[in-house]
Amino acid sequence: MVSMSTTGNAHTENVQHRLTVETVEIAPNTTAIRCLDWDRDRFDIEFGLQNGTTYNSYLIRGEQTVLVDTSHQKFRQLYLETLKGLINPKAIDYIIVSHTEPDHSGLVEDVLQLAPRATVLASKIALQFLEGLVHDPFSKRIVKSGDRIDIGKGHEIEFVSAPNLHWPDTIFSYDRKTEVIYTCDAFGMHFCDNRTFDEDLEAIEADFRFYYDCLMGPNARSLLNAMKRMGDLGKIKIIANGHGPLLYHHLDVLTECYQSWSQRQAKSETTVGLFYVADYGYSNLLVQAIGEGIQKTGVAVEMIDLSTAEIQEIQELAGRAAGLIIGMPPTTSVAAQAGISSLLSVVKDKQAVGLFECFGGDDEPVDTIRRKFIDLGVKEAFPAIRIKDVPGASAYQLCTEAGTDLGQLLTRERNIKQIKSLDVNMEKALGRISNGLYIVTTKKGDVSSAMLASWVSQASLQPLGFTIAVAKDRAIDSLMQVGDRFVLNVLEEGNYQELKKQFLKRLHPGADRFAGVRTQTAKNGSPILTDALAYMECEIQSSLECSDHYILYCTVEDGRVSKPDGLTAVRHRKVGNYY
């Protein structure tokens with residue numbers, strides 16, 4: 001039985017996950033309806049930091065009333081009660097649907113039943129999607145860049161087309177009176193907090209970056225175009241996003257981050273095109289995971305929805321990309337089938353192609369598509385990813401590792417050139433810095449990973465802490481975020497070769513890194529290597545981005561030495577341009 005309690009203007013639903021709704025006046029005649037999901041963990045790849053999330057909706061009241069987006073279905077009762085407490089829904093004149101992803105449009109049909117005379121304002125593609133979601137006829141109007149509506153009392157709302165952020169149907173909406181822009185997923189973050197605005201930059205910056213890397217980075221070119229259009233609107237006081245705190249206190253800093261990160265992506269020497277069908281099966285989540293793995297290696301990615309993109313747009317990206325990732329489309333999608341045919345017509349034998357199933361119930365057979373590419377002489381980026389059940393954490397790990405393998409393949413020659421370009425004397429001098437040999441092991445849910453490490457150094461006495469350098473292109477990176485726990489296994493001099501060999505093996509994506517290795521389980525759930533000299537259970541406290549590595553500061557929570565007289569294995573190098 002679900003019980004509900006009310007305090008002021010916030011409702012609480014006492015279920016397994018804490019769900020609350022808050023209303024806040026953010027500007028004249030403008031109310032934010034923030035649905036707070038305190039315990040949301042990793043269901044999408046972008047929830048990796050596990051700090052919950054919010055679903056933000058907005059009410060603008062002039063002489064007419066506008067509702068900007070709705071919320072997730074899980075908030076149905078709470079959201080609708082809150083909305084009714086703010087306004088008679090029959091008074092709503094317009095519902096702006098920024099895009100049709102279910103966490104923002106999941107309650108559009110419910111609101112339309114309460115506000116039958118409201119007109120839905122959305123992009124052409126969004127309205128096509130909505131017609132499949134809303135079962136009764138509704139009033140609708142297509143909006144695009146430059147279109148405006150005047151709702152009175154000075155509130156004139158101008159629209160900006162922002163396709164592929166991160167869905168193909170996205171629009172922004174700018175209120176000229178309040179200078180508030182409503183951006184849905186863009187400039188958001190998965191961070192749940194009672195503070196409406198971005199008061200504490202340090203608290204949110206890791207989540208802000210993680211969210212960008214997962215959702216916005218794959219569409220850096222589209223984001224730069226959208227930001228250029230934003231610049232033409234005039235002054236922006238508040239970015240009212242769809243997830244997390246609204247941007248106000250640090251708006252300039254955070255938008256500059258988006259600008260610089262996106263410019264870096266757009267200037268990348270190497271690009272992989274990700275071709276999929278939005279909102280079909282698990283294509284969105286799977287392609288995000290593959291894209292995350294690719295981006296770890298410094299390779300840029302660009303995403304295109306095969307069902308909505310123009311043929312020339314598909315061919316333009318395919319023609320300049322070093323690699324192509326293709327999610328199997330439904331056999332019934334004529335547009336997606338045409339998109340696949342257009343890819344086959346421009347693909348080159350020097351490109352690498354990776355295929356994945358979407359578990360949508362009507363996938364095009366992956367072997368049929370695979371054979372067509374092989375017959376053209378195209379090499380496979382990785383074995384086709386076959387999804388035979390609802391994908392879980394292990395499936396997403398498989399996708400991330402496959403993406404990382406492809407990125408490393410595409411950057412191998414570039415990295416070799418960079419290594420050879422270093423000053424010989426300088427690299428020899430740097431190589432005289434020696435370190436111990438360690439193996440980092442970690443497990444989160446059903447996903448486990450490990451890596452050989454040598455760049456480890458004690459950093460504090462109270463508390464006991466050390467730093468460890470983790471390359472950005474390591475598969476373990478997604479399990480080594482601030483707040484994550486792991487085990488640092490110390491290898492023993494004279495007794496480390498077998499473990500070193502095991503954890504240096506290049507395995508197929510998804511393979512069990514611990515196969516044949518004796519382990520025990522630490523208190524924090526991570527594997528302890530039985531044959532290690534010592535181990536420490538650790539927690540990551542902070543992270544510093546340094547070019548091609550992250551420097552993690554970690555504290556020690558527990559530890560033990562198995563051989564008191566043993567010595568730590570040491571890695572001696574002659575040059576400093578590799579491990």
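A Cβ is built for glycine as well, from the same backbone N, Cα and C atoms used for every other residue.
Worth saying up front: this structure is predicted, and the values here are computed from it rather than measured.
When Cβ atoms from all protein chains are considered, those within 10 Å of His166 (Fe cation 1 binding site) total 24, not counting its own. His166 (Fe cation 1 binding site) carries neither a helix nor a strand DSSP state and counts as coil. According to Swiss-Prot, the feature Fe cation 1 binding site maps to His99, Glu101, His166, Asp185, an assignment based on similarity to another entry.
Taken from Swiss-Prot, the feature Fe cation 2 binding site applies to Asp103, Asp185, His243, supported by similarity to another entry. For Asp185 (Fe cation 1 binding site), the same-chain residues lying six or more positions away in sequence with a CB closer than 8 A to its CB are His99, Glu101, His104, Leu165, His166, Trp167, Thr170, Leu215, Met216, Asn241, Gly242, His243. Asp185 (Fe cation 1 binding site) falls within neither a helix nor a strand when secondary structure is assigned with DSSP, and so counts as coil.
The domain 'Flavodoxin-like' annotation in Swiss-Prot covers 272-460.
Annotation comment: Swiss-Prot describes 50-243 as region 'Zinc metallo-hydrolase'.
According to Swiss-Prot, the feature region 'Flavodoxin-reductase-like' maps to 461-579. For the region 'Flavodoxin-reductase-like' (461-579), the DSSP-based tally of helix, strand and coil residues reads 13 helix, 49 strand, 57 coil.
Of the chain residues outside the Fe cation 1 site list His99, Glu101, His166, Asp185, Ser98, His104, Leu165, Trp167, Thr170, Cys184, Leu215, Gly242 have their Cβ within 8 Å of the site's Cβ mean position. When Cβ atoms from all protein chains are considered, those within 10 Å of Asp103 (Fe cation 2 binding site) total 21, not counting its own.
For the recorded Fe cation 2 site, residues Asp103, Asp185, His243 set the reference point as the centre of their Cβ atoms, and the other residues of that chain within 8 Å of it by Cβ are Thr53, Tyr55, Glu101, His104, Cys184, Gly188, Asn241, Gly242.
In the three-state DSSP reading, Glu101 (Fe cation 1 binding site) counts as coil.
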